[in-house]
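These notes are about the structure you will find just below.
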């Protein structure tokens, strides 16, 4: 896992921010300049925005709206495009764990929301990413009666498969992949969600319907198509590999042909 | 949805069609080059080869139909996918500009190289298949008498003494023109760049690429593209620089004027 290895610093810095302000989804937006002066270099980018907002509120102005929640890189809520790169300058780091020490004193920093048709701007830097929820609802789960937890070794899973499934499951659904892709493709997200189950025995019964339904929903919601440039995985704060996209492609084609040949039980539409 | 409908309607299905048609087109392009490199041998070879291909009857047309279908599918899929991608990205570009994170150079220009390759294919067909651009030197305009049998896999397919079209002369004359040769060289250079991303990419689309051999795949693809470019550069390059001296048997500089008016006199001239 990559980490922000910029050394901590004690010298306070001042930066100029060019921030996208948009009152509502149906309102036109524009960039507005703000100064963030005397910032502690070890404060996070979001904390810097908090300070700027405190100042705006004191002056009776509308604070800058930005999405945030856990601030420890695991919830996938923060979603800033900083100087043209989703989540800012570092690899494998979410916006919330980007620190001011990563910027030069006097830097001009452009902060924008994700730009993608399926992620419309709600306000300022906040986009509506419920399209991801809709894709999840189309198949990103397993239908199983969980009951009491069974013995850990009851279902043997090779370590390699378990590790790979965990790599896929590391996706926090932040949408940086869509924001970074020139085609606004959601294939890295969908492939991670498909693969985390496809690699495990519990995911097998719904494996085919899952990939078919999730891809169909992704297409329906207007996401673009992958052109294999792998900008998505470079921007991903969890460094999800684009290999999962290849895996999903393989699964999807196989599922398409399997679905066409599948026998259907005579009583499939009735009940016992 | 039937598998066929899925292939034509879904994002991954269209990419799959793109990859499959790409495989056929790449296989043709390489086979076509290998056949044409016979120009470096006795004119019997290239002329016999052309005569053989022209007399494969329905096979020739079957191959032409398959090739045109693949080209059509490839261009159709590229157009539809690109339009969807543009729609998905939406109207608002990133103000900070799009800085590439890791997209390979060839992938950034795949659409532009595609346009040039398409124009080149049309010109190439008009030049050497339909004889529109250069009718004076088109294959039927000059006759050639085979001096030796032309054999395919040990089987003689064109007998010595047969009068055939002088394709060798047509190609030689065609590439003596500096602008034509330069256009060919630039176009095959861009085609090689197109293949550099295309071949690598099709493995990902078919789900056959993974991190374990992605590096090796990239190197093999780069080598194939380099060899393909060198092979294609060799033909116009050798003619243009005079490195490939015209073979006397093909009557490149001799009695072309008489040959145009009477194939019989050309035959006499060649025997002189």
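Quick reminder: no glycine exception, Cβ is built from N, Cα and C everywhere.
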Using TrEMBL as the reference, determine which range in B:109-126, B:127-144 is annotated transmembrane segment.
B:109-126
Which range of B:59-83, B:84-108 is transmembrane segment, per TrEMBL:
B:59-83
Out of B:59-83, B:109-126, B:178-199, B:220-245, what stretch is closest in contact terms to the transmembrane segment (B:16-39), meaning most Cβ pairs under 8 angstroms?
B:59-83
Within-chain partners of the transmembrane segment (B:220-245) [C-beta distance under 8 Å, separation at least 6 from its ends]:
29-30, 33-34, 36-37, 39-40, 171-172, 175-176, 178, 180-181, 184-185, 188-189, 191-193, 195-196, 199-200
Taking residues 6+ outside the transmembrane segment (B:109-126), which of them lie with a CB under 8 Å of any CB in it?
71, 75, 78, 82, 132-133, 183-184, 186-188, 190-191, 193-194, 197-198
